Amino acid sequence: MNKILAKQRLSKEVFRMEIEAPEIAEARHPGQFIILQMGGDFGERIPLTIANADPVKGSITLIFQAVGETTHRLALLEPGDTIQNLLGPLGKPTDIKKYGKVVCVGGGIGVAPLFPIVEGMKKAGNEVTVIMGARTKELLIMEEDMRAIADEVIVVTDDGSYGRKALVTVPLKEICEEDKPDCVVIIGPPVMMKFAALTTKPYGIHTIVSLNTIMIDGTGMCGGCRVTIGGETKFVCVDGPEFDGHLVDWDNMLLRLGTYKSEEAEAHHRCHIGLKINEGEA
Amino acid sequence: KDRAKIPLQEMPSQAPEVRVCNMEEVALGYTENQVRLEAMRCIQCKNQPCIAGCPVSIDIPAFIAEAAKGDYGKSVEIIKESSLLPSICGRVCPQEVQCQKFCTVGKMHKDVEQSVSIGRIERFVADYAREHGLEKIPSIKPDSGRKVAVVGSGPASISAAADLRREGHTVMMFEALHKAGGVLVYGIPEFRLPKKIVEHELQNLKDMGVEIRPNYLVGKTRKIADLMEKDGFDAVFVGSGAGLPKFLGIEGENYVGVFSANEYLTRSNLMKAYAVGKSQTPLYRSKNVAVFGGGNVAMDAARTAKRLGAEEVIVVYRRTEVEMPARREEVTHAKEEGIKFLFLHAPLKITANEKGRVNGVELITCELGEPDASGRRRPVEIPGSEKIYDFDTAIIAIGNDSNPLIKATTDGIEVNRRGNFIVNEETCETTLKGVYAGGDIVLGAATVILAMGQGRRAAKAMNTYLKGLA
Ligand SMILES: Cc1cc2nc3c(=O)[nH]c(=O)nc-3n(C[C@H](O)[C@H](O)[C@H](O)COP(=O)(O)OP(=O)(O)OC[C@H]3O[C@@H](n4cnc5c(N)ncnc54)[C@H](O)[C@@H]3O)c2cc1C
Ligand SMILES: Cc1cc2nc3c(=O)[nH]c(=O)nc-3n(C[C@H](O)[C@H](O)[C@H](O)COP(=O)(O)OP(=O)(O)OC[C@H]3O[C@@H](n4cnc5c(N)ncnc54)[C@H](O)[C@@H]3O)c2cc1C
Ligand code: SF4
Ligand code: SF4
Ligand code: FES
Ligand SMILES: [Mg+2]
């Protein structure tokens, strides 16, 4: 049982929650995630990245987007409520060290898990540029947090409602041309990660991506999270979640993410009825 | 003798056409009348060949004699001297290759299927004792001042925890999943082993004072070294199982609609995805399912797929029915339920449509060649016999390797070539002092009874070790 200590709505669909979890807070490193399960026997297990942790207070912070049934149910919880099951920290930590110049690229909700990595890279003595993007201004999160630690922050939106009207790949390519970075870290929607990784490939830049495949146990037991990396099968929950972006079989991963699309859409619809949330409002 | 005239008591079961539409237990259990009759078939052999066939040497003739008399409480007590989980082992032990294989009655009929149904009697008396409150809560010695961590909550860990707690140690059990029970809960389906039985065993542990901590992945949440050095655990038992699914290594294995049996069964059992509309974990909708493998895992996956609505389920196995390692009863049940078998075939490649969803499997025909290391005749592929079959789902049930997580996060634990922990056979101690291990993490994917036996053996050695600590 883990108590929710604080909750904040960062945008229409995005929530930040601080949760009591002393052991996880103590053990975790940037890049790692948790799996939570709630709602008795019938609840689903879903992975969320640990966006931040306070080992003194014994809490971790999750930032999540309400996209379907389970994330909606989570969004309905309030401070004082508990999450029945919380397992972590899972996965391997980010390989944080001194590279020199690092560019961190975040798309949408991916900005949240990117934050502890930016922090870590900075602490390790790197010069860090952040490129963060969202569909529209409303969905942009954590700009202030990023500005407080990064050397440079470039904001882009798809519709030009804020910052530059561009995809993250545009400033990324410019940076690769002008002042080639030593390492690029990309977290965001899979399609964005695919194209951002393709952008750095011709320059031979070390490119780390954080994969978000469908998971159950998170301990390497089921193989449901598997992806193809350089022709080899890997389990994202134990071998990852971070991999060399130039070796990922993106198309296969995208197909696998869609395994339950129609079932999930039905559940999402059912949950809107059951939870009395209006369509389009998280 | 009159005893020889008593017919073998058949197990009452749900009718096949009914049970494929539910998840409830298939075998319903003997009636009291039946169990007495079956127990009377035992001729109480002097040389007791059945005992040698039981991996934990239960005094079989003795417990059967009590069952024949109708003293089920006494009967269970005899079993519990050797096995802590009779209602589980009575259901899932491969009796036909263990205790019942050596039974004199079967030998007399020259048919192992005619042996005394030791497992069914064991199951009856254990169920009876549970349902009638005849189980004795074991006495617990006064606090020893020692603390023991038990990693995992499968049969090896359950039995180790019980035996350690009896000696008065503080016992804490750490389980990675949100529910305890190991494979008994996430792997073996409800229709073969009702989860309330496993829950009952876990409740017994709690009543004895064992603390169970779910959502705790040893190696990640905390390392073994930290448990021992920072948290004050004097010894550790590792029963982390063989939870690493094997894949075939063939083309197309990562297409949508290819599952490890572990994933398929975990979704259905642990996550209750079979309760469509109620469970929040989705299920893949299948019409034609291919299951690769020939063991219990393959039978469970195939029969689950059928219950989840697949029209056709085919088990594809490289050898013949004789070599299949699955329990006889499961194969019989599967056939009754309409599961088809394609023997002497091996998968070469999985194909998919333009959306990456499975639409076929290429199989090759095999013939049996020379025996291999396991003593079974090796399947040899016949060139030119490749053929593509239509399937929309493929489940890989060819077994599990050892999960490498603990080894990878613990200095000093040595494993063999296959990733299994190396232990002292007598004591189950690993190469790291104070750390013991048993069950599938040591034996490779084995059986419930062997895991239970090792858990007990380890606990015995650990109790001695803990006593000897200054
Ligand atoms: C390592 C990792 C870290 C993640 N970190 C974050 C994070 O910090 N914040 C955040 O908002 N999201 C994160 N995600 C994604 C998050 O897990 C999914 O959005 C969530 O599972 C959706 O569940 P749902 O029931 O609300 O939606 P659904 O409608 O059921 O699913 C929406 C989509 O999410 C994916 N998904 C579904 N079930 C699962 C599952 N069991 N595991 C993983 N993905 C699934 C599928 O692609 C699906 O199409 C992370 C995923 C991974 C693998
Ligand atoms: C589908 C299926 C059907 C089977 N059918 C039969 C049968 O009919 N008869 C039979 O005798 N045997 C059967 N078996 C085999 C039998 O279930 C196993 O041999 C037995 O369960 C092994 O017990 P165990 O205690 O070693 O580990 P497991 O039962 O595997 O339990 C290990 C537990 O440890 C947990 N764990 C792992 N790593 C960690 C960690 N680092 N920290 C915390 N927890 C951890 C796991 O989550 C798991 O719950 C079957 C197996 C499967 C998969
Ligand atoms: S534990 Fe298994 S092998 Fe031993 S007597 Fe019981 S059913 Fe037979
Ligand atoms: S071998 Fe068979 S008949 Fe003989 S004692 Fe054992 S169970 Fe009874
Ligand atoms: S989530 Fe099951 S193996 Fe990764
Ligand atoms: Mg969901």
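Indices start at 1 and increase along the chain as displayed.
Just so you know, glycine gets a Cβ as well, placed from its N, Cα and C.
According to TrEMBL, the protein carries these features:
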type    : residues                     : note
DOMAIN  : A:1-96                       : domain 'FAD-binding FR-type'
BINDING : A:Ile63, A:Phe64, A:Gln65    : FAD binding site
BINDING : A:Cys222, A:Cys225, A:Cys237 : [2Fe-2S] cluster binding site
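Positions of the features from TrEMBL, shown on the structure.
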{"residue": "A:Ile63", "record": "FAD binding site", "DSSP class": "strand"}
{"residue": "A:Cys222", "record": "[2Fe-2S] cluster binding site", "DSSP class": "coil"}
{"residue": "A:Cys237", "record": "[2Fe-2S] cluster binding site", "DSSP class": "helix"}
### Query
Within 8 Å of the Cβ centroid of the FAD site residues A:Ile63, A:Phe64, A:Gln65, which other residues of the same chain have their Cβ?
A:Leu10, A:Val14, A:Phe15, A:Arg16, A:Leu48, A:Leu62, A:Ala66, A:Thr71, A:Ile109, A:Ala112
### Task
Measuring CB to CB from A:Phe64 (FAD binding site), give everything in the same chain under 8 Å that is also at least six residues away in sequence.
A:Val14, A:Phe15, A:Met17, A:Leu48, A:Thr71, A:Leu74, A:Ala75, A:Ile109, A:Ala112
### Task
Taking the Cβ of A:Cys237 ([2Fe-2S] cluster binding site) as the reference point, list residues of the same chain whose Cβ is under 8 angstroms away and which are at least six residues distant in sequence.
A:Pro47, A:Leu90, A:Gly91, A:Met215, A:Asp217, A:Gly218, A:Thr219, A:Gly220, A:Cys225
### Message
Chain B proximity: which binding-site residues among A:Phe64, A:Gln65, A:Cys222, A:Cys225 have CB distances under 8 Å? Answer 'none' if there are none.
### Response
A:Cys222
### Message
Near ligand 1, meaning Cβ under 6 Å from any of its atoms: which of the binding-site residues A:Phe64, A:Cys222, A:Cys225, A:Cys237 fit that description?
### Response
A:Phe64
### Query
Distance between A:Gln65 (FAD binding site) and A:Cys222 ([2Fe-2S] cluster binding site) at the Cα atoms, whole Å?
25
### Message
For the C-alpha pair, I'd like the distance in angstrom between A:Cys222 ([2Fe-2S] cluster binding site) and A:Ile63 (FAD binding site), rounded off.
### Response
26
### Summary
Ordered by sequence, the long-range same-chain Cβ contacts of A:Ile63 (FAD binding site) under 8 Å (at least 6 apart) are A:Leu10, A:Val14, A:Phe15, A:Arg16, A:Met17, A:Leu48, A:Thr49, A:Ala51, A:Ile109, A:Ala112, A:Pro113, A:Ile141, A:Met142
### Message
Test of understanding: give the count of other CB atoms lying within 10 angstroms of the CB of A:Gln65 (FAD binding site).
### Response
21
### Task
Looking only at the domain 'FAD-binding FR-type' (A:1-96), report the model's average pLDDT.
95
### Message
So if I draw a 10 Å sphere around the Cβ of A:Cys222 ([2Fe-2S] cluster binding site), how many other Cβ atoms end up inside it?
### Response
28
### Message
I'd like to verify something. Among the binding-site residues A:Ile63, A:Phe64, A:Gln65, A:Cys222, A:Cys225, A:Cys237, which ones have a C-beta closer than 6 angstroms to some atom of ligand 5?
### Response
A:Cys222, A:Cys225, A:Cys237
